[in-house]
């Protein structure tokens, strides 16, 4: 396969390396990804994360395995194993569906390689288009709030919501970005803060519970988030805490935008209630672990509820920003999400 370099994925000498997002920002560690078992472990431990990136890493690994001569039957099983690794994010399912079609071709090895490379290039272009459409919604002097991480760390390109912030910043329209730390795994505090710093975008880090106070003071002009799955009625599954921000923004009459590629839309999912929500380990809530070490702050036997995602109802969303353009609440009420986009 051709060499590849993105913020979080490197392909060189027929080896796939992933940037360990659990080690950031203290350390920049590249980890090998030579087998399906390794990739599943990276996904489950969130070394690889972000809906688009998970799908791309799976596609690239499958193509590499095909080139190495792994039998077709084993690749078919690999598709099943990878599909089960992260149930909420639909990008993974969409990418695996396309790789499955490539595997069914008579010349399946080159077909899988070409499809994986096509998916990477498509994602880069999708990010650029999302940024262009979204930046048009950002007013000069804006103070924007974002949640979790939606930049180059989560995609092959400049990102989704962070891509919008970057494009608006390049246009001189961003005064400051408020970054939610995003408990319990701190993707905002660890990853988004790091990315914005690298990009030169002015930001301030806040605890999740501080967002309401900022909105009440008139310090937030709009909220920008990504998505892991968008249902046929416009409901959005995204990182836990997104729904809270949407409720707060609605109460304070602040625009709430979702930025995502069309591959995140799932017309076969009727509404948010039908989206499977991943439940994660209690240890993520009772303490914290990273390259800096581990710390347990709650009682060891404390009962914990730890969903990785929540669902934001379509009624709370001001606009869905896709690579194809901005979709309005009126269009959603008319059923635009009930058919495939793109």
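From the backbone N, Cα and C atoms, a Cβ is placed for every residue, glycine too.
Bear in mind that the values here come from a model prediction, so they are computed numbers and not experimental data.
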Residue among 15, 83, 86 sharing the substrate site, where Swiss-Prot lists 49, 50, 51, 187, 238, 239 as binders: 86
Whole-number Å value for how far residue 187 (substrate binding site) lies from residue 148 (site 'Transition state stabilizer') (Cα to Cα): 5
Extra residues within 8 Å (Cβ to Cβ centroid of 49, 50, 51, 86, 187, 238, 239), substrate: 54, 89, 148, 149, 154, 226, 228, 308, 309
Separation of alpha carbons, residue 228 (active site, proton donor) and residue 187 (substrate binding site) (Å): 15
Residue 228 (active site, proton donor) and residue 86 (substrate binding site), Cα-Cα, nearest whole angstrom: 10
Tertiary neighbours of residue 50 (substrate binding site) (same chain, Cβ under 8 Å, six or more apart): 8, 149, 150, 153, 154, 155
Inter-residue C-alpha distance, residue 238 (substrate binding site) and residue 228 (active site, proton donor) (nearest angstrom): 5
Substrate site span - longest C-alpha distance across 49, 50, 51, 86, 187, 238, 239, in Å: 17
